[in-house]
2 protein chains.
Amino acid sequence: MSTDPVRTVGDVGEGELIDLFAGPDAIDDTDAGVLIGPGDDAAVLAGGGPVVVSTDALVDGQHFRLDWSTPGQVGAKAIVANAADVMSMGGRVTGFVVSLTCPKDLRVDTLVGLRDGMRSAARRYGAQVVGGDLTTGNQLVIAVTAIGAMDSRSPVRLSTAREGDVLAVSGELGASGAGLDLLLAGVPGFTSLVTAHCEPSPHLSLAAGAASAGVHAMTDVSDGLLSELRTMARQSGHAMHVDPSRVPVVPELAAAAAALHTDPLRWVLGGGEDHELLASFPAGVVPVGWTAIGTVTRRGGGPPVVVTGIDDVDLDLGWRTF
Amino acid sequence: MSTDPVRTVGDVGEGELIDLFAGPDAIDDTDAGVLIGPGDDAAVLAGGGPVVVSTDALVDGQHFRLDWSTPGQVGAKAIVANAADVMSMGGRVTGFVVSLTCPKDLRVDTLVGLRDGMRSAARRYGAQVVGGDLTTGNQLVIAVTAIGAMDSRSPVRLSTAREGDVLAVSGELGASGAGLDLLLAGVPGFTSLVTAHCEPSPHLSLAAGAASAGVHAMTDVSDGLLSELRTMARQSGHAMHVDPSRVPVVPELAAAAAALHTDPLRWVLGGGEDHELLASFPAGVVPVGWTAIGTVTRRGGGPPVVVTGIDDVDLDLGWRTF
């Protein structure tokens, strides 16, 4: 079908729009994990032990802007955020479904870009977009649900950090927060930071190795490091100590902080949407690819999160939806 | 916590809102099917063979109006629509996740009503709301994903009707469409029809028996009978014959049609959102509770859908989102 850019969602029929997502090319039929793809009442995926499920929506103007990100980047980000939730449980992603609410003036080529970004990101996690729903509304809302299989593994909770554990992350933090601030300030350049915000590519493949290595607790950094540590502390009853100088950052972070006259620690500790993994390992077993950034100690009467070099930690620092 | 009706989503903190959905009372812990409920990165459900998944969103002003429906009815309808998709595959519903996009001026008690409607409807299908996502936006969007298990059954496609089959439905059709037209026209009364629109309660429990009886094809009537028959005809390559005088209707339908000076057949054939099941059974095996309404024949050169008493069927009659 034509994807003439001047055409909008309101210009084309429902059937044609559905075909964009559920047409004959929607699914790679050689994928044995998809028993039934789009076109029926529901999709059916091959089972594999307990079923992991997570949902996360991106709202136009709230989580992305189409003048900052390409449609493909927005689609990919929606997939990555959901894959991170399944993989940080130690799950293997088996499929995604997508509920899209589209304004009638949304361009059809924007929809196609979103779709292609979702499809290619899903493939990076060994899965496909197997179903969805299209409706019209005032605002573009992309609600993705990721489905995963635990196979014979046990789910990795975020609540089960133990005293004496080593805290570690799977990659650099703060780049997404810096990219957002650069976009908000209209500062040009810093492509790697802006890209980290528009289309994060966290090291989620490290989750499987962490599970094999006996990780005690794991989550992904979606709301900022301090916010995630606070949650781990609250749920485990232990204290989380972190040394920010050990947290890996991309080289551009310092220059961006200088350009914006701010402290890069704000992004490292409070910046959200990096979606890297944060895990609590038994002492001595931090696997290759992970960077140790702190320890888990007995809570006692002290604060839940202790940051080296900062006396009074503002735990409310972090990504806020509301 | 207080649910003072004058408070809005914008008045309360994110933590308090999340507690409304993911607090200690969010899950019945005696339910062995929920291995991990809200509060972690993802929920984990007990597996049971292949995994069924379907997603469907309700958009304020598009699929519901809060001056027509109570929040509880809207929440229940979002669950029912998704349960229907899983159960019409022959699946057993195992859980729901919900992505809610809320305007900041949405009242907290509206949110609580939505939640309670979703929870109690989910229980009717033997499942719970196990996770979700809350974001703000311009318009209330309720995107629900239903997860199901096939256990040892085979999925029931909608494409596999066979020549000689009997078409049957699980309950009355047209009530939801009539209720919508009554609401649009501002005609008072006709409570059963209005309720059928605001909170449908289709006979989805008949799906399991249909699967046991060897049903060939099944779907739920979400877009109107003719629309579903057209889809079954297209996907199977056969012709669908239906006798509208055999389609069960509620007694109020004729009086509502008289009040609105219309033909009730318009609702029976084209009204959407009844969510009753439509199935294609081998001749002679229509189970108790189902009503035979037609047959499946060789397509030949004729139309895909033939309606007794109507020469020229308008297949575009039906619920339209776009």
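Cβ atoms are placed via backbone N, Cα and C, with glycine included.
Per TrEMBL, the features are as follows:
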BINDING   A:D41, A:S54, A:D85  Mg(2+) 4 binding site
BINDING   A:D41, A:D85, A:D220  Mg(2+) 3 binding site
BINDING   A:T55, A:D56, A:D133  Mg(2+) 1 binding site
BINDING   A:D56, A:D85  Mg(2+) 2 binding site
BINDING   A:H63, A:E273, A:W319  substrate binding site
BINDING   A:G132, A:D133, A:S222  ATP binding site
BINDING   A:D223  Mg(2+) 5 binding site
DOMAIN    A:39-150  domain 'PurM-like N-terminal'
DOMAIN    A:162-265  domain 'PurM-like C-terminal'
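Site extent for ATP: the farthest pair of Cα atoms among A:G132, A:D133, A:S222 sits 25 Å apart. DSSP assigns A:D41 (Mg(2+) 4 binding site) to coil in the three-state reduction, placing it in neither a helix nor a strand. Within 10 Å of A:T55 (Mg(2+) 1 binding site), counting CA to CA, the binding-site residues A:H63, A:D85, A:G132 contribute A:D85. Among the binding-site residues listed here, namely A:D41, A:S54, A:D56, A:D133, A:E273, A:E273 has its C-alpha nearest to that of A:D220 (Mg(2+) 3 binding site). A simple way to gauge crowding: the CB of A:D133 (Mg(2+) 1 binding site) has 24 other CB atoms within 10 angstroms, across all the protein chains here. Comparing A:D223 (Mg(2+) 5 binding site) with A:S54 (Mg(2+) 4 binding site), their Cα atoms are 16 Å apart once rounded.
Among the binding-site residues A:D220, A:D223, A:E273, the ones whose Cβ sits under 8 Å from a Cβ of chain B are, in sequence order, A:D220. Counting other C-beta atoms within 10 Å of each candidate's C-beta, the binding-site residues A:S54, A:T55, A:S222 are led by A:S54.
In the three-state DSSP assignment, the secondary structure recorded for A:D85 (Mg(2+) 4 binding site) is helix.
Recorded residues A:D133 (Mg(2+) 1 binding site) and A:S222 (ATP binding site) have their alpha carbons 25 Å apart, per Cα-Cα distance. Across the fold, the C-alpha of A:S222 (ATP binding site) and the C-alpha of A:D41 (Mg(2+) 4 binding site) stand 32 Å from each other.
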